[in-house]
Amino acid sequence: MVKICCIGAGYVGGPTMAVIALKCPEIEVAVVDISVSRIAAWNSDVLPIYEPGLDEADIVFVSVNTPTKTQGLGAGKAADLTYWESAARMIADVSKSNKIVVEKSTVPVKTAEAIEKILNHNSKGIDFQILSNPEFLAEGTAIQDLFNPDRVLIGGRETSEGQKAIEALRDVYAHWVPVERIICTNLWSAELSKLAANAFLAQRISSVNAMSALCEATGADVSQVSHAVGKDTRIGPKFLNASVGFGGSCFQKDILNLVYICECNGLPEVANYWKQVIKINDYQKTRFVNRIVSSMFNTVSGKKIAILGFAFKKDTGDTRETPAIDVCKGLLGDKALLSIYDPQVNEEQIQRDLAMKKFDWDHPVHLQPVSPTSIKQVNVVWDAYAATKDAHGVCVLTEWDEFKTLDYQRIYDNMRKPAFIFDGRNVVDEAKLREIGFIVYSIGKPLDQWLKDMPAVA
């Protein structure tokens with residue numbers, strides 16, 4: 001029986017191993033993690049963290065955190081491979097037979113080479129083959145993406161042993177993925193493909209968001225523009241929705257990583273090109289906050305602002321790099337009083353996110369700094385109507401379906417006047433809301449006369 005062990009039971013490792021176990025009943029799958037609470041959440045009786053099972057596994061997936069460095073060489077851009085190195089040393093320490101070690105985390109190009117050196121210098125005669133098998137999962141559809149992937153990418157050494165390792169992993173996926181969708185490359189191509197894919201997706205979002213600013217300035221409608229552009233079959237319609245900005249655990253981190261790799265390889269022009277994708281994303285969030293403040297008589301001090309949605313997108317509770325964090329911090333900086341509602345994000349997580357330093361989120365929870373006292377200007381509620389009661393303005397920051405069908409007449413009746421709605425996801429019917437009496441700002445849409453009279457200052 002083939003035995004697989006995965007180090008890391010997070011957003012990638014847990015679902016991936018669950019699907020492999022389901023689709024390959026003859027393969028024994030174990031998942032381990034350094035977080036006691038995380039393992040308990042999966043299945044504490046079956047997977048005690050003190051018995052990793054690595055010594056018996058044939059294939060070891062490593063799906064650990066790779067946060068952005070906050071200090072030292074490459075701070076603010078380079079990936080911190082501390083957890084990866086620790087996992088590699090543990091694998092070398094406990095292994096008693098040959099192993100295939102699979103990179104599942106998003107890692108910089110050439111990480112495999114570094115891991116290979118650690119394993120081989122501590123091998124005790126054991127042969128280790130390193131494979132890169134990056135994940136291309138979208139949160140909210142991760143299981144479906146695993147069941148029916150666009151492609152599975154496997155990179156390995158171009159040696160006979162490396163090719164055998166690739167075949168072994170390909171045979172696992174071939175239980176349910178058509179062989180023509182399993183792409184085999186060299187190690188470096190596989191590692192770079194993951195960074196490139198996320199950079200291209202983020203670039204599309206920043207491109208349409210850049211157009212949204214121009215649309216507002218000229219009276220064009222970004223939804224109409226993106227629809228027309230997306231009809232071009234060379235471009236396609238996906239990732240062309242203007243918004244307050246992109247979030248999630250990968251886009252910014254991977255682009256920063258790409259920038260650092262370009263700089264290290266003497267490619268400053270290429271690095272600057274990708275930096276601009278993040279600059280536009282930051283600009284979009286700043287622009288949104290400035291629009292709120294300028295519209296409300298140039299101050300939100302002491303005013304209640306309702307925040308509808310905190311997750312970085314709908315159908316997930318994930319708040320990593322959510323644009324809501326920067327928007328809320330911008331409003332708090334102007335002394336606003338925030339009332340936040342998200343159907344899937346609890347108060348502890350929201351308070352933690354608003355108190356945490358940048359990049360701290362990408363460490364295991366038990367290694368993150370302990371959150372200071374809750375921010376007094378923030379109130380988290382479990383109902384959109386409670387969030388908006390007596391509010392001066394409403395900000396829609398996540399495109400949850402329920403926000404499309406709220407009773408906005410009821411919301412308007414219970415708000416201070418003039419009542420503002422700032423739609424950062426273009427989910428509300430702005431014409432209908434204007435009929436009710438709201439002053440509405442939607443990203444990239446023609447501006448209310450009120451907003452024209454009070455332009456946002458960048």
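The backbone N, Cα and C atoms fix where each Cβ goes, glycine too.
As given in TrEMBL:
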- 8-13, D33, R38, 64-68, 105-106, E139, 250-253, R320: NAD(+) binding site (BINDING)
- C250: active site, nucleophile (ACT_SITE)
- 306-430: domain 'UDP-glucose/GDP-mannose dehydrogenase C-terminal' (DOMAIN)
Round to the nearest Å and give the CA-to-CA distance linking E139 (NAD(+) binding site) with C250 (active site, nucleophile).
11
Per-residue pLDDT averaged over the domain 'UDP-glucose/GDP-mannose dehydrogenase C-terminal' (306-430) comes to what?
90
Winner by Cβ contact number (other Cβ atoms within 10 Å) across the binding-site residues N65, T68, Q252:
Q252
Output, ordered by sequence, the same-chain residues six or more apart from C250 (active site, nucleophile) with a CB under 8 Å from its CB, or 'none'.
T106, N198
Reported in the order helix, strand, coil, what are the DSSP residue counts of the domain 'UDP-glucose/GDP-mannose dehydrogenase C-terminal' (306-430)?
42 helix, 19 strand, 64 coil
Counting all other Cβ atoms within 10 Å across every protein chain shown, which of the binding-site residues D33, E139 scores highest?
D33
Long-range neighbours only, meaning 6 or more apart in sequence with Cβ under 8 Å: which ones does Y11 (NAD(+) binding site) have?
L137, E139, A142, S249, D318
